[in-house]
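K.L.:
Among the features that Swiss-Prot reports, DNA-binding region is placed at 229-301. Residues annotated as zinc finger in Swiss-Prot, with sequence analysis given as evidence: 555-575. Sequence annotations record features per position, and here Swiss-Prot assigns Zn(2+) binding site to C555, C572, C575 based on experimental evidence.
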Amino acid sequence: MKLTKGGSYILKKVDRKQFYQDEEIVMQIKKILGQKTTDCKQYIKCECIDGLGDEALIYFEMLANQNQHLQKNDVIMIQDYLNDKTQNDKIVVLVTRFQFCKASHVQPKTAQKESIQLLNTEKTIIQKSKITKNPAEEVLKFIEVNEKDNSSNSEDMIIEQQKQEIKNNQKEKQSINGFNLEDSYSNISDITNFGGKSNFNIGSLSDQLSKQTLLISQLQVGKNRFSFKFEGRVVYKSSTFQNQQDSKYFFITAQDANNQEINLSFWQKVDQSYQTLKVGQYYYFIGGEVKQFKNNLELKFKFGDYQIIPKETLSANYVQPLALQPSKQFGNDSIGDSDYSIHNLIEKEESIAQKGYNGQKNNKYRQNNNNSKHTLLISEVLKTSKQYLSVLAQVVDIQSSDKNIRLKICDNSCNQELKVVIFPDLCYEWRDKFSINKWYYFNEFVRQIYNDEVQLKNNIHSSIKESDDQRKVITYNQEQGVFKKSISINSNDSFEIKPKISYKNNSNQEQRIYSSIEEIIQQAQASEIGQKKEFYVYGNLVSIQMKNKLYYYRCTCQGKSVLKYHGDSFFCESCQQFINPQVHLMLRAFVQDSTGTIPVMIFDQQSSQLINQIDPSIHVQEAGQYVKNCIENGQEEIIRQLFSKLDFARFIFEIQFENKEFNNEQEIAYKVLKIEKENIKEESKYLLKKLEHLINNNQNN
């Protein structure tokens, strides 16, 4: 079942994978069953009903300081929910994002049979009795009747009034500062006036230009619909695409005066607008709608009329009421005594952009935007604030579609993979050229944060080149705190398996074989995929990593980790209920002896015992909660001082390695199973045995 925006649906039929960002489910509050308020959150339990008469039990979660109050008969639109389950034949849903249903503008011609168009203009209560046989049609009729009673707030009425005012005042506005607007802009009316129904008149261009010009930071979803002006410079233009309904569309990326970027998508008169827009030029975009696309905003030009007005054309024919200022995008570029007209500024910036596209290094514009002059490691990409950079990395995963190519790349600088998204035209050029495990140069890519994750994407300056030095990367599991190593394919690198040095401890019932770190690494690298093996080693604990997360949450039911939702509420998918989780420690550190060092993961029981050994006042069962409280209260220094007492502390470690395969790569993870206090007597016997072994080897040689 395909969802449509504003449609009425039975929640138990909704597949989470089909719940897209732009689609919303309409529900009506039938009864308020209870509510709970904490310091920062408010939880309201309601019995709701949809347009088909199906009931659901919904838990609403909202900020306590927003003063939002749900009441009976309120109509809300569910925009995002975390899960749903059945309880007493009712669907139970945890809703995290919603809005009150506000409807005063409907387009019956475009509304589908089970779809209503709901916009943020005026709150309208839809009574349950109004929703009968066909909920969509009844809602449409009700809203139409309601609009007649509230005609002063109707968007259609406002548009009609605006048209009438334009006609009445058209003669007075024909001439501004000696220029005849209708004559001056008749040459661009054909390429900038799109759509079937006219909301804007080219003769009233001065009215349009007087609309508020917003920056990207000022854009809000549902506000100023069709009634604002956005000024931007086109920095990227995609190819045209065709969707399943055989309609064309394309998108661009534009920069505002603060160098922020936003995507603009165009769905009407695609061929004309595609020819109008040129990369590197400034335009006024009038009549767009701000939409939420995943975690980013975009301007969508699909419903209603819109106009694209080249700013270069305006500077030649129109004296703008506001004084034109030099573009802020030039940073410290010296303009001198040159003309401050927009025409000259566009020519200058277009020339600079062209130099950057041709790869010249004297690109001031790009340098002011933190252009990278050398190839960075992935670990540097994750930390840098540079916007443009280059990377040499190995491709470990490829996902290709008609619209883009999505890669995962890695190198030996850290344990994290980096996502790369390649859009047209590089997408078409490299669609069949990437190979798993090969190394490539990704030159002049744009660094962006998407879903709290660092990614790279291409623009018009980006290029890709296959590296001449192909290397093999052995990846050690990131979750268990270990490293990566790259080996040149062209070299003669190999692993030498040395004779095992061991000592059997006959003083205890348990027979132990002690190994060195070097021996453990050798056996791990020579092992087969799927193999596990345990070792005992005398070693020092060094460098517990404070930069990594030190704890996680688990449910008592099956010991599975749980997700932390907004506020302090936790929901276990196994129990299907809200829980009070347990806090467990997970420490990443290094174990070292005289032969080498390996990174290890130390989980809750062993980590808690270490903390208890340093400070006996911290009970083993309370160590996780103690660390969590210190971090949340900004007392990381206490934890840092606590861990510093463990630096180079000597223990007997039981260590397990596991050889895995992930994405056609070899992964070796080391985990600490047991930690014991050092035994000087037993270690002395082990060292004596090791010394005898070395002496015998030297005599034989």
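Residue positions begin at 1 at the first shown residue.
Cβ atoms are placed via backbone N, Cα and C, with glycine included.
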K.L.:
Could you work out which of the binding-site residues (C555, C572, C575) has its C-beta surrounded by the smallest number of other C-beta atoms within 10 A?
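P.N.:
Comparing Cβ neighbours within 10 Å for the binding-site residues C555, C572, C575, C575 has the fewest.
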K.L.:
Can you tell me whether DSSP puts C572 (Zn(2+) binding site) in helix, strand or coil?
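P.N.:
Where C572 (Zn(2+) binding site) sits, the three-state DSSP reduction gives strand.
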K.L.:
Give me the DSSP three-state residue breakdown of the DNA-binding region (229-301), ordered helix, strand, coil.
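P.N.:
The composition, in the requested order, is 7 helix, 41 strand, 25 coil.
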